[in-house]
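Have a look at the structure below before the remarks.
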Amino acid sequence: MKRYAVILAAGQGTRMKSKRYKVLHPICGKPMVQHVIDQVSKLGVEKAIAVVGFGAEQVKEQLGSQCEYALQEEQLGTAHAVMQAAPHLRGLEGVTIVVCGDTPLITAETMEMLIEHHMAAKAKATVLTAIADDPSGYGRIVRNEAGHVEKIVEHKDASEQERNIREINTGTYCFDNETLFQALTKVTNQNAQGEYYLTDVIEIIKADGGVVSAYQAPSFEETIGVNDRIALAEAERIMRARICRQHMKNGVTIIDPASTYISAEAVIGRDTVIYPGTVIEGETVIGEDCVIGPNSEIKNCYIGHRTSIRHSVAHDSEIGSDVTIGPFAHIRPLSKIDDEVRIGNFVEVKKSTFGKGSKASHLSYIGDAEVGADVNLGCGSITVNYDGVNKHMTKIEDGAFIGCNVNLIAPVTVGQGAYVAAGSTITDDVPGRALAIARARQVNKEHYVDRLPGKKKS
């Protein structure tokens, strides 16, 4: 049987108190609605329709061709939102799952079970329910003797007995597609809010003799909707724990999951250890047997095997195997660090390459540079790359040795195997295997201090 999906993503989200469109708020680095679409895409749907309203263009920019779009110009309720998908789905045979774009924790596994239960029950509609510790504010599920849905009672309309029911309506449904769009034509807005509600579709289907079933989600957490910053933080916490658990199941050691942030897209190899206070963002790939953290920030990096990054920041760069970075190093975007490199404490690397086995162990800035293999950069080495208008390249060839407190004024090349004496300011190219000394000769003034006014002779 063919499957379709409608993702409700038109709400403004006024309780978020934000300029950002609600469903675009990120959870673990990915917009809420993207989490939902990613899970829906695993269901093998023929069509996925995102119903958009406020911020429609931003949502389209985020989701692109992953789905089709229907515009809800006025937000007149959930049934009205689904009605906007009619031009895409009306008259098609199959089942349609309706899910909210602000439920980022829902999984494909739960939606798959919802669809399978719906089909096994030969239902016209199936409600995804959950057991809530505190069901206040939620619609309660009242079941009949057969276990099907007798009615959905909103909290404000529920009797004392009905309010004791902990099974709630999550707002996710599975419908027979043709039945859904037939019932939508009968929904009215004769209520205090003047809106069209999807729960009325359930009543219409029941009145027409259709079976309305219910499938209970494995956990309430999976079904929560994000309507304010408090719920956003809660969803972030749950998603972060879920991501950490999956990595740990895959063989990654995470010392303290509660203080570790890993994006949904990150890939981490087995036997890697993640220490507390570490943030791994974006599409980062980390190899096996690495040590990351504590207190490190990695974003959109490719990292090889057996690499250590401690108390450091690395963004948008490629880092090889058996590399040591930190503490307190900063690898800025577009850098490429080859195998067996050492980037030590208080070293900043910007848009530069380091060849195999090279070292910059302390207090250096290497920007817009090509550093060859087996190069040693002494403490305080600086590539002076900016002339106030343009950035210029520094090239340091294989085996070069740069002494402490050296300024390399770009554009400049230090040849293969060359030495640069400590304290030099290099403005011209240094030939291979040469020694460059670019500092004034030391002059000692004998008895100078004795001649200063007010100084006693010793």
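The backbone N, Cα and C atoms fix where each Cβ goes, glycine too.
Record note: Swiss-Prot gives N385, Y386, R439 as acetyl-CoA-binding, and the candidate from A373, A400, A422 in that site is A422.
Secondary structure by DSSP for the region 'Linker' (230-250): 20 helix, 0 strand, 1 coil.
Cβ neighbours of D102 (Mg(2+) binding site) (same chain, under 8 Å, six or more residues apart in sequence): A9, G11, G13, K22, V23, M32, V33, G225, V226, N227. Of all the Cβ atoms in the protein chains shown, 15 others lie within 10 Å of the Cβ of N227 (Mg(2+) binding site). A helical conformation is recorded for K22 (UDP-N-acetyl-alpha-D-glucosamine binding site) in the three-state DSSP classification. Classification of L8 (UDP-N-acetyl-alpha-D-glucosamine binding site) by DSSP places it within a strand.
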